[in-house]
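Take a look at the structure below.
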Amino acid sequence: MKILASSTNYVLHNRLSNSQYEDARSKIVNFGGEFTNDAAKADYIFVNYSQINRVRRELRTIGTPLETCVSCKLIVKIDWLNEPKESLTPGNPYVIWHRKPEMKVGSPYTPSTRPASHTEAPNDFENHETPNTENNNEVKSIDNVDQEGSVYPTTKEYPYVLEIPRYACQRKTPLKCVNQAFVNALSVLKTCREVNGESVRTRAYGMAIATIKAFPLPIDSAEQLEKMPGCGPKIVHLWKEFASTGTLKEAEEFQKDPASKILLLFYNIFGVGASHAAEWYQKGWRTIEQVRKHKDSFTKQIKVGLEFYEDFCKTVTIEEATEIYETIVSRMPDGIKIQSCLVGGFRRGKPVGADVDMVLSPSHTHSTKHLVDVLLRILDEEFQFRLISVQEHSCGGKKGYVMLAVILSNSSKINRRVDIIVVPPAYIGSAVLGWSGGIFFLRDLKLYANSHLGLSYDSFEIINLKTGKDICPDEFNEWKDPVEAEKDIFRYFSLEYIEPKFRNTG
């Protein structure tokens, strides 16, 4: 059945698992259609939504507003692919939007004045992963709006602001931004959601923060903010409150709340998550000492977190981190050649951090396991240290390792957490990139690689989803400087190289 013959089709990845996404792509091809990774070129766009206003928003967030999809004839619920009995016409019940004959197809998305009567879609911020089914009567008028104006400002200095990129891996995100005061207030609310175990809301706040930090101009209107990826009505409402009062009431209440202070105290223990913090609070525990009385029942990581709690609360300076890193790499035996790099927040320009992360890779003449053994000897000779764990990872048939140790710093005499990542030569670029962060930069890099390139990326492998093969041994097998190896990954992904200091998404 070639019911999609001669059509070009796009699948909106949002709210689809990787397997569902790949299944949809396969069905499109089986039905005679062509698949494209560019929504702007598609005749049909398949989505896992039932409301067009949600689709409009998601298309905007990936940097392809519906107005730019000049080829699109229909937007179709993805369920149609399971039983395509009826042809795709505007009257099909699976079609949630069609291009009206009288609609003028314009040129690519350009700034214009937003209609004064336009009302934003219902707030989906508090329930980010499920469709909003409330206020259906209210959104019907929005469903019939064929064109929306853009309010993105654009300047010669910041041309990308015209359509701020959907993916954080395409944006420059500094450590401090021009809207930092608002970001700080939102970060308190993100922490509030995080310590209460609200992962969806935590992620939603994080997405908004990552976008706002990348915006290079002061936000001076709600209309300006609401067009940014991840900044829905909730964030706009908070901005209005902050713009008028200079603070956020909920953030202030969280910081003053006695229960929240205790939950945050527990949550900040190394190895402890939101569920443990809540459980301990429900048991009536209120101090670290009360928790320590029950340490025998905890995991190894939590025991370490409790034992070194006071030291782990003291931040590491970049000078101390560099000293620890240089001590380790300088003690390498002459016969072992390595490429290495200090990663984590310090590579992004943070002056202080919670731990010390580094990536090391031996030349082709030595195995990663041999390097791990050498590193253990160096740690034993140069520091008082305790090995917490050594995790093994597959790297295209070879082995990669993550060593977690607690060492007593020679300069500060404070116990520090140290992560040492050891990878084969072909994987130093992916490891340096993956361990340099920030969280939402990497999250969006993975989404971009998956949806646009058909690749599954992490620090230890890059898998071609069609073949199931790790591409690193073939594409990146040259042993080279970590920065150059990292740049190779960006080039392979067809992305502009973003310097680490501009990956501070949080």
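Heads up, the Cβ atoms here are built off N, Cα and C, so glycines get one too.
What Swiss-Prot records for 1-98 is domain 'BRCT', and it gives sequence analysis as the kind of evidence.
Annotation source Swiss-Prot lists region 'Disordered' at 106-150.
As annotated by Swiss-Prot, region 'Involved in ssDNA binding' applies to 348-357. Listed by sequence, the residues of this chain that lie at least six past the ends of the region 'Involved in ssDNA binding' (348-357) yet keep a Cβ under 8 A from its Cβ atoms are 175, 312, 315-318, 321, 324-325, 342, 416-419, 421, 435-438, 500-501, 503-504.
Per Swiss-Prot, the feature Mg(2+) binding site maps to D355, D357, D419. The Cβ of D419 (Mg(2+) binding site) has 17 neighbouring Cβ atoms from other residues within 10 Å, across all protein chains displayed.
In terms of DSSP secondary structure, the domain 'BRCT' (1-98) contains 34 helix, 18 strand, 46 coil. For D357 (Mg(2+) binding site), other Cβ atoms within 10 Å of its Cβ number 24. Counted within 10 Å of its Cβ, the other Cβ atoms near D355 (Mg(2+) binding site) come to 18, all protein chains included. For the Mg(2+) site, the Cβ centre of D355, D357, D419 serves as reference, and the other residues of the chain with Cβ at most 8 Å from it are V343, G344, V356, M358, L404, R417, V418, I420, W435.
Broken down by DSSP into helix, strand and coil, the region 'Involved in ssDNA binding' (348-357) contains 0 helix, 4 strand, 6 coil. In the three-state DSSP scheme, D419 (Mg(2+) binding site) is classed as strand. Averaged over the domain 'BRCT' (1-98), the predicted model has a pLDDT of 87.
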